[in-house]
Structures are given as C-alpha cells and as structure tokens.
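S.K.: What follows is a structure written as structure tokens; I'll ask about it next.
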C-alpha cells in the first residue's frame, strides 16, 4: 500500500492544480476530495485530523507519512481510498500477467552504456590511486621499514579502496549529469537474461577501460629509480 500511495498523491496533485481564476476541481474517480485536496495542493489548508495548520506533513513514501494521512481521513474517505487502491492493484496485477516482449537491441545498448560509463570512473580512480599511493609508500615507508614492493602495492590498494568508499557517490553523480536516465524497461524485461547479460557486460567493459586509463601515472614514474636499485644490488 505504501508503494501505491505516492502514485495516488502525484496523480491527485496534477489533477487538483488550480487555474488562474478557477477553484481546484476534484477528480471524478474518487469521492474523498477533501482529504486529497489537503494532500495534493501545495501549501493548501490542512485542517483535517490532528495536524495543525502550519505543521508540515511527511511524504507518503514513508510509513509514518502514510499513517498520518490515513488518520487524517474520515471513514467514508478511507473506504473510497481503499476501493481505489484495490482497483489500481488489480490493474497492475492484470498487466503483470501479460507476456512481456524481450528488450530491443536499442534498449540493450542503452543498458550496456548506462552501466559501463560509471564503472569507467570507478576503474580509473581505483587504479590511478593505487599506483600513486603504492609508489609513494614504497619510496617513503618502504625505505624506512624495508618492506617489499608487493607489500607497498598492497598498502596502495588499501588506500585506493578507502578512497573509493568516499568517491563512489561523486562518480555516480557525475555519471548522472551526463543525461543517462534509467532504462525504460518493464519489471519483467529487467529480470530477463538478455538484460542481465548486457548489464554485467557493460560493467566488465567499463571497469576494464577505466583500469587501463588509470595506468597513466606510470608515465610520470620513470625507470631511473629501478635502475639505481639494480646498480646498487649489482
């Protein structure tokens, strides 16, 4: 029920938006106009139930917000709302029983790029930070403590993982600014094997490209240090 209440709220808000000189018109499909008017019109009067007039109500996508809205309705309004929710749920169940077509090649390509682009950033940052941190650890702490190159690389990987925890949100936000919205697929199409294969393939290709691009710090680290180590050992 909490899943359907936001849909009802958004539908009510659109249908109850007042014109320049006209009063808000109540929808013909429901008789509980007074309770929905208090919910749907932004800044409208909330004179029902125990909520004060200036107290903001929580969103209906939370259990507390849905409970407060239900308690603010009268018995006839609650029965009308329950009847409409049952009708909406029956329509949704009927649509789920229909056989869904597999995703088109265009949709699969969109799913591929939608999953590949963020993982390019993840792979790039992970590899670049690991190389830089591992090299600095080897040249500073490694000389003092005498740790091996593999131990320095492991510590660099630790730094890269810790940095990835904080940078993951920024990478996702940057990828969302590119205009890649969520693929328009039905729930059945999302669960199909074609979509899953395209999703995992996009992630794998994105990480591979990102890790290859993340090797660019090796350009700035010359081989003179390794040559000096070889000369000293010889």
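Each residue, glycine too, has its Cβ placed from N, Cα and C.
Swiss-Prot lists these features:
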- 56-110: topological domain 'Cytoplasmic' (TOPO_DOM)
- 132-138: topological domain 'Extracellular' (TOPO_DOM)
- 160-203: topological domain 'Cytoplasmic' (TOPO_DOM)
- 225-234: topological domain 'Extracellular' (TOPO_DOM)
- 1-55: transit peptide (TRANSIT)
- 111-131: transmembrane segment (TRANSMEM)
- 139-159: transmembrane segment (TRANSMEM)
- 204-224: transmembrane segment (TRANSMEM)
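Are these features on the surface or tucked inside, and what are their neighbours?
M.R.: The DSSP breakdown of the topological domain 'Cytoplasmic' (56-110) into helical (H, G, I), extended (E, B) and coil residues amounts to 38 helix, 0 strand, 17 coil.
Note: the topological domain 'Extracellular' (132-138) comprises 7 helix, 0 strand, 0 coil (DSSP; helix = H, G, I, strand = E, B).
Residues belonging to the topological domain 'Cytoplasmic' (160-203) score a mean pLDDT of 84 in the model.
Tertiary neighbourhood of the transmembrane segment (139-159): same-chain residues 129-133, 225, selected by CB-CB distance under 8 Å and a gap of 6+ residues from either end.
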S.K.: Given a Cβ distance threshold of under 8 angstroms, which distant residues of the chain, six or more beyond its ends, lie next to the transmembrane segment (204-224)?
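M.R.: Non-local partners: 112, 115-128, 131-132, 135.
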S.K.: DSSP helix, strand and coil counts for the topological domain 'Cytoplasmic' (160-203)?
M.R.: 32 helix, 0 strand, 12 coil
